[in-house]
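According to TrEMBL, the features are:
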TRANSMEM  15-34  transmembrane segment
TRANSMEM  41-58  transmembrane segment
TRANSMEM  153-173  transmembrane segment
TRANSMEM  185-206  transmembrane segment
TRANSMEM  238-257  transmembrane segment
TRANSMEM  287-308  transmembrane segment
TRANSMEM  354-372  transmembrane segment
DOMAIN    458-562  domain 'Cyclic nucleotide-binding'
Amino acid sequence: MCLDVLEKFSFEPTTLSLTGDGGVIFLILLEIVLGDRCNSGFLKCITVLLLFLLYPILNSNDKQAESPINEYVQNQLQEVVKKLRERTTTYKEKLTDPVISSPEPSPTAKEAKPEEDHYCDMLCCKFKRPPMKEYIKKMKLPESIDSYTDRRYVGWLFLVTVAYNWNCWFIPLRLVFPVQTPSNMIYWIIIDILCDIIYVGDLLIFQPRVQFVRGGDIIVSKEMKKFYKSSLKFRLDVFSIIPFDVLYVIFGFNAIFRANKVFKHLTFFEFNDRLEAIMDKAYIYRVIRTTGYLLFILHVNACLYYWASDYEGLGSTKWVYDGKGNMYLRCYYWAVRTLITIGGLPEPVTMFEIIFQLLNFFSGVFVFSSLIGQMRDVIGAATAGQNYYRSCMDNTVSYMNTYSIPRIVQNRVRTWYEYTWDSQGMLDESELLEQMPGKMQLAIAVDVNFAIVSKVDLFKGCDNQMICDMLLRLKSIVYLPGDFVCKKGEIGREMYIIKQGEVQVLGGPDGTKVLVTLRAGAVFGEISLLAASGGNRRTANVVAHGFANLFILDKKNLNEILLHYPDSEKLLKKKGKVLMKKTGKPVGPPQTAKGFSLLTQKIEPPKMFKALLGGKGGGMAAIIKLKREQEAQVVI
């Protein structure tokens, strides 16, 4: 609305003549309209109307005497009117064309202050450290915790496991052996309090945030707390933090009041599962854990032996501990010899000693055999691949000996087995991938092989999904030094991609000249995939120079894939024709003539007819030649 009024309120700067107070008033009103101090559109519209009404009055014919002030006002008015017209024109263009930006300069962005560097002085060194905000962000716990992938949760479980093992190992020790004295009681209490704080933190902070799966869905809402509270783990955790330690005040310091701390065993087993899932060689931890079980059982047995000796009286019989030397080591030594059934121990004397010794023998046989069997399974699982490799190699060697295979061939077979196992850790990668779902197979194949296949010129421009499907059909084969990958004259039905090693292309008259050396990432034989029926013959020998690991793509597999990608099939055929023309190889079968081309087509005469008509050495040619010689003699 203001713009429409301003357009009607036309000024002529050359004829404008406002003087005195009228000019000053006019300038003030224009300042309100044009200035940025007034943000109210309604006020600006009222001011424009006042200008429209007051202009005839202010611009009366009653001209005052000219003065320096009047001249200054006159010049300012003329400048203001010019700016007013320019601004009115600009805003009209902006309304008609919203793409035009505002003539007003955009506010400049304030320069961000660089973060201050935090340095830490230690001795004579000065090193940079991240600010405290970054530490707080890293330490902040998320609303939900994925127990399978969050390493912070695994670290916390390790801390809980340390506290749990402290209680499991030292509660029996403190209960039986006289290790708690008034001088060191404060240290035992401090460590017990720290363990209890860890238990409470796990109960209140971490466990209620752990995600769980229900019906295939990952639950990350407030239902996590309800799920945890309804589980057996919550009830055991609550029981393990009940402070029975307050009974110390009544009965004195006795470790039996902390026996409930060992019921947090579910967290210990959860830590074992999570740690094995993230370790590269989990069998190492399994061996260490099984050894720890054995040592703990021996530890408990040593505590029981000292309790039995104390019950009977130290040194009262030959069977009990006599109280000499280090009491824990002497009892532990007795426990080891008893559980492992080594023998050579003093005979029990009293009925209590006999029953105790019998129970020890029975439990020792059972526990020790169980642990030995578990250790055997752990070691067997760790060496299962190695055992499979040895079994395959032994069976192959036995087969070759049965059929009297030459020694040279047997040595090459052994070399292939050894190199394949050392380089891959398995004999056939496809056997491992077959156990996984198709999507996981594709994900692994893309990470391992996509970068190599995507560089092949033949497949550039093809559908990415087609290339991904093709990755699942690649086969990895190891060639020994001097092995022929392909020979000259063979029918080519495969394409080769060098994964590792080098191959040499041989040519020349005798087929021993090295034409080119292909290294990792190179491709050869791709034309054979698109050759016409009947195949494409190899034009040179390709030999492995050293150990070479190659990917092979079969023509049959490619055709099965291209059935689902017609556009990629057309593109590959077009590229195949261009490549085969460059190499001078036939593009396809000869085309049969159709239509009018049959009339213009030159038909080659039969060989017999050509011989009769004058071919080299033909009978008709000899007769014609003899007749011409006779005619020449008659003329002479």
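Using N, Cα and C of the backbone, Cβ positions are placed for all residues, glycine too.
What you are looking at is a predicted structure, and each value in this text was computed from that prediction instead of being measured.
Contact counts against the transmembrane segment (238-257), taken as Cβ pairs under 8 Å, peak for 185-206 among the stretches 185-206, 287-308, 354-372.
Residue counts for the domain 'Cyclic nucleotide-binding' (458-562) under DSSP (helix as H, G, I; strand as E, B; rest coil) come to 23 helix, 48 strand, 34 coil. With a cut-off of 8 Å between Cβ atoms, the residues of this chain six or more beyond the transmembrane segment (287-308) that come close are 168-169, 172-173, 175-177, 272, 320-321, 327-328, 331-332, 334-336, 338-339, 352-353, 356, 360, 364, 367-368, 371, 374-375, 378-379, 382. Mean pLDDT, taken over the domain 'Cyclic nucleotide-binding' (458-562), works out to 82 on the 0 to 100 scale.
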